[in-house]
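All remarks here apply to the structure that follows.
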Amino acid sequence: METGGGQGLPVLLLLLLLLRPCEVSGREAACPRPCGGRCPAEPPRCAPGVPAVLDGCGCCLVCARQRGESCSPLLPCDESGGLYCDRGPEDGGGAGICMVLEGDNCVFDGMIYRNGETFQPSCKYQCTCRDGQIGCLPRCNLGLLLPGPDCPFPRKIEVPGECCEKWVCDPRDEVLLGGFAMAAYRQEATLGIDVSDSSANCIEQTTEWSACSKSCGMGFSTRVTNRNQQCEMVKQTRLCMMRPCENEEPSDKKGKKCIQTKKSMKAVRFEYKNCTSVQTYKPRYCGLCNDGRCCTPHNTKTIQVEFRCPQGKFLKKPMMLINTCVCHGNCPQSNNAFFQPLDPMSSEAKI
């Protein structure tokens with residue numbers, strides 16, 4: 001009996017060791033490497049006010065889960081809305097429910113709103129209190145229309161008897177327009193409206209940055225904002241570089257259809273209008289696909305770059321730096337874009 005028990009123990013340990021790698025590989029299977037091939041060709045269409053975020057694997061765009069919805073590492077909660085994935089006492093890597101983090105109340109126009117509470121200060125906006133700060137989204141879903149090939153001169157007008165304004169296009173085609181090549185891009189959504197000072201009469205509005213004007217080399221992108229003391233709508237510009245033109249060849253690695261993001265192996269200096277950046281940078285670039293998809297910036301930041309110009313002059317310009325890129329099938333039908341030439345001495349113009 002004792003001998004039989006001694007032989008059974010090693011067999012049991014062997015079975016446990018054999019089962020353990022299976023569990024590990026099962027967890028890893030949830031995040032395949034590489035990501036290519038498992039993401040939908042089209043980006044997700046999320047409900048108004050719901051952002052698209054990268055899943056827990058950093059592979060695919062998914063609609064951020066909202067309060068009370070189920071969540072998991074592959075289906076993250078809307079962190080920008082103050083939500084987190086509550087997985088219960090164990091707090092493991094399984095499914096959970098999106099919950100609101102406890103935070104401070106908000107005061108707007110003499111009214112007190114609890115953290116997470118939603119209200120409408122007017123028919124045009126829906127606002128939410130988020131840990132002492134108020135964020136608003138337009139209910140009219142018009143956003144701010146940037147000039148484009150089909151509507152180079154947009155203008156917003158009021159409609160009698162209706163809350164929301166309406167965009168119309170002025171047929172002013174006598175103005176000379178630039179001929180930059182538009183980069184492949186995903187459609188941009190209008191950002192939320194930041195209302196942090198209840199005493200101000202101006203509700204700040206800012207659009208997303210537009211697509212870079214060039215698919216390779218130095219270009220620029222634009223956005224519209226009224227974030228200034230005069231509360232006036234102005235168009236801002238920033239420099240951008242999706243990739244160097246000498247790297248305009250798709251990846252030919254075996255089994256690799258796309259390279260989303262790649263970092264420069266050596267420090268480089270940016271060049272703009274015969275000016276060279278004072279500092280060196282190791283920027284990230286968007287790769288290319290050989291299956292017809294486009295790779296464009298997904299998450300970016302803006303920095304101030306100082307350039308040294310001829311005759312000892314110096315120039316500072318805002319410039320986009322890429323954090324991550326995404327590959328998708330939402331490619332433009334034409335390479336013609338309507339951009340006004342960029343003023344080398346200014347990054348802002350009134351609308």
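All residue numbers here begin at 1 and follow the chain in the order shown.
Just so it is clear, glycine is given a Cβ too, placed from its N, Cα and C backbone atoms.
For CYS31-CYS57 (among others), the entry in Swiss-Prot reads disulfide bond, with the evidence type sequence analysis. CYS31 (disulfide bond) falls within neither a helix nor a strand when secondary structure is assigned with DSSP, and so counts as coil. Cβ neighbours within 10 Å of CYS31 (disulfide bond), excluding its own Cβ and spanning all shown chains: 15.
Cβ-based neighbour count (10 Å, all protein chains) for CYS35 (disulfide bond) stands at 17. Under the heading disulfide bond, Swiss-Prot lists CYS35-CYS59 (among others).
Annotation for CYS39 (disulfide bond): spatial neighbours CYS59, CYS60, LEU61, CYS327, criterion Cβ-Cβ under 8 Å with sequence separation of six or more. Annotation comment: Swiss-Prot describes CYS39-CYS60 (among others) as disulfide bond.
Packing around CYS63 (disulfide bond) is summarised by its Cβ count: 17 other Cβ atoms lie within 10 angstroms of its Cβ, all protein chains included. Residues annotated as disulfide bond in Swiss-Prot, with sequence analysis given as evidence: CYS46-CYS63 (among others).
Under the DSSP three-state reduction, CYS71 (disulfide bond) is assigned to strand. Among the features that Swiss-Prot reports, disulfide bond is placed at CYS71-CYS85 (among others).
Counted within 10 Å of its Cβ, the other Cβ atoms near CYS98 (disulfide bond) come to 22, all protein chains included. If you look up Swiss-Prot, you'll see CYS77-CYS98 (among others) marked as disulfide bond.
Under the heading disulfide bond, Swiss-Prot lists CYS258-CYS295 (among others). In the structure as shown, the Cβ atom of CYS258 (disulfide bond) sits within 10 Å of 24 other Cβ atoms. In the three-state DSSP classification, CYS258 (disulfide bond) falls within a strand.
Counting every protein chain shown, the Cβ of CYS275 (disulfide bond) has 19 other Cβ atoms within 10 Å. What Swiss-Prot lists as disulfide bond is CYS275-CYS309 (among others).
Taking all protein chains in view, 24 other C-beta atoms sit within 10 angstroms of the C-beta of CYS325 (disulfide bond). As annotated by Swiss-Prot, disulfide bond applies to CYS286-CYS325 (among others), with the evidence given as similarity to another entry.
The feature disulfide bond is assigned by Swiss-Prot to CYS289-CYS327 (among others), with similarity to another entry given as support.
Classification of CYS294 (disulfide bond) by DSSP places it within a strand. The disulfide bond annotation in Swiss-Prot covers CYS294-CYS331 (among others).
For 104-170, the entry in Swiss-Prot reads domain 'VWFC', with the evidence type sequence analysis.
Under DSSP, residues within the domain 'TSP type-1' (201-246) fall into helix, strand and coil as 2 helix, 15 strand, 29 coil. The domain 'TSP type-1' annotation in Swiss-Prot covers 201-246, and the record cites sequence analysis as its basis.
According to its DSSP assignment, ASN274 (N-linked glycosylation site) is coil. The C-beta environment of ASN274 (N-linked glycosylation site), restricted to residues of the same chain at least 6 apart in sequence and closer than 8 Å, consists of CYS309, PRO310. Among the features that Swiss-Prot reports, N-linked glycosylation site is placed at ASN274.
According to Swiss-Prot, the signal peptide annotation covers 1-24.
Checked against CYS63 (disulfide bond) by C-alpha proximity, the disulfide-bonded residues CYS35, CYS71, CYS77, CYS289, CYS295 yield CYS77 as the nearest.
Within the group of disulfide-bonded residues (CYS77, CYS289), the Cβ with the highest number of other Cβ atoms inside 10 Å belongs to CYS77. Counting only residues at least six positions away in the same chain, the Cβ atoms of MET242, ARG243, GLN260, THR261, CYS295, THR296, PRO297, ILE322, CYS325 sit under 8 Å from the Cβ of CYS286 (disulfide bond).
The Cβ of CYS59 has fewer other Cβ atoms within 10 Å than any other of the disulfide-bonded residues CYS59, CYS295. For the disulfide-bonded residues CYS77, CYS98, CYS289, a Cα to Cα distance of within 10 angstroms from CYS85 (disulfide bond) holds for CYS77, CYS98. Taking Cα separation as the measure, CYS275 (disulfide bond) is nearest to CYS258 of the disulfide-bonded residues CYS31, CYS77, CYS98, CYS258.
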